[in-house]
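Asker: The following feature annotations were taken from Swiss-Prot:
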type	residues	note
REPEAT	1-15	repeat 'LRR 1'
CARBOHYD	Asn5	N-linked glycosylation site
REPEAT	16-37	repeat 'LRR 2'
REPEAT	40-61	repeat 'LRR 3'
CARBOHYD	Asn40	N-linked glycosylation site
REPEAT	63-84	repeat 'LRR 4'
REPEAT	85-105	repeat 'LRR 5'
REPEAT	108-128	repeat 'LRR 6'
CARBOHYD	Asn130	N-linked glycosylation site
REPEAT	133-147	repeat 'LRR 7'
Amino acid sequence: LDHNNLTRMPGPLPRSLRELHLDHNQISRVPNNALEGLENLTALYLQHNEIQEVGSSMRGLRSLILLDLSYNHLRRVPDGLPSALEQLYLEHNNVYTVPDSYFRGSPKLLYVRLSHNSLTNSGLASNTFNSSSLLELDLSYNQLQKI
């Protein structure tokens, strides 16, 4: 479903779905129930949309390993990341803060990309990225003065 003119999340979607490609559309939000029942989903591609809000729609995606929300208009990181998540791509948004202990619920997280956002030191707690599993952290092109 990528490279279309979708303005909202399609549905209902097959529960057996493993990958969902909705990139390069015009989707502006992901309603809380939009991904309900997609327990087998391992990869969700939502990059290059107009998404401003995700809400808690990711909570039930217990098999999700990859979430790509890059090139959107998010101001906040998504609520309730799945515990199986390994790759989180949020570059080229307007994210200005990451809550303290935000990544504690995702112990398998290996890659986090938050480059080209609006992050400042006041929007990041000093222990935000303390994770023994993290292999790559990209915070380039933000407004950080220290790490």
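Note: Cβ is positioned from N, Cα and C throughout, glycine not excepted.
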Asker: For Asn40 (N-linked glycosylation site), write down the residues of its own chain that are at least 6 apart in sequence and whose Cβ falls under 8 Å from its Cβ; none is a fine answer.
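Answerer: In sequence order, Arg15, Ser16, Leu17, Arg18, Ser63 meet the Cβ cut-off.
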Asker: Quick check for the class: what is the C-alpha distance, in angstrom and rounded, between Asn5 (N-linked glycosylation site) and Asn130 (N-linked glycosylation site)?
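Answerer: It is 39 Å, counting Cα to Cα.
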Asker: Here are the glycosylation sites: Asn5, Asn130. Which has the lowest count of other Cβ atoms within 10 Å?
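Answerer: Among the glycosylation sites Asn5, Asn130, the lowest count of other Cβ atoms within 10 Å belongs to Asn5.
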Asker: Which numbers of helix, strand and coil residues does DSSP report for the repeat 'LRR 5' (85-105)?
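Answerer: Going through the repeat 'LRR 5' (85-105) residue by residue, I get 4 helix, 5 strand, 12 coil.
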Asker: At a C-beta cut-off of under 8 Å, are there same-chain residues at least 6 beyond the repeat 'LRR 5' (85-105) that contact it? List them, or none.
Answerer: 47, 64-77, 111-120, 122-125, 127-129, 131, 134, 138
Asker: Which residues of the same chain, at least 6 past either end of the repeat 'LRR 2' (16-37), have a Cβ under 8 Å from a Cβ in it?
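Answerer: Distal contacts: 1-10, 43-58, 60-61, 68.
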Asker: Sequence-remote contacts (6 or more beyond its ends) of the repeat 'LRR 4' (63-84), Cβ cut-off under 8 Å?
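Answerer: Same-chain contacts beyond the flanks: 23, 39-57, 90-99, 102-103, 105-109, 113, 118.
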Asker: Average the pLDDT scores across the repeat 'LRR 1' (1-15) and report the rounded value.
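Answerer: Across the repeat 'LRR 1' (1-15), the average pLDDT comes out at 95.
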Asker: DSSP on the repeat 'LRR 2' (16-37): how many residues come out helix, how many strand, how many coil?
Answerer: 0 helix, 4 strand, 18 coil
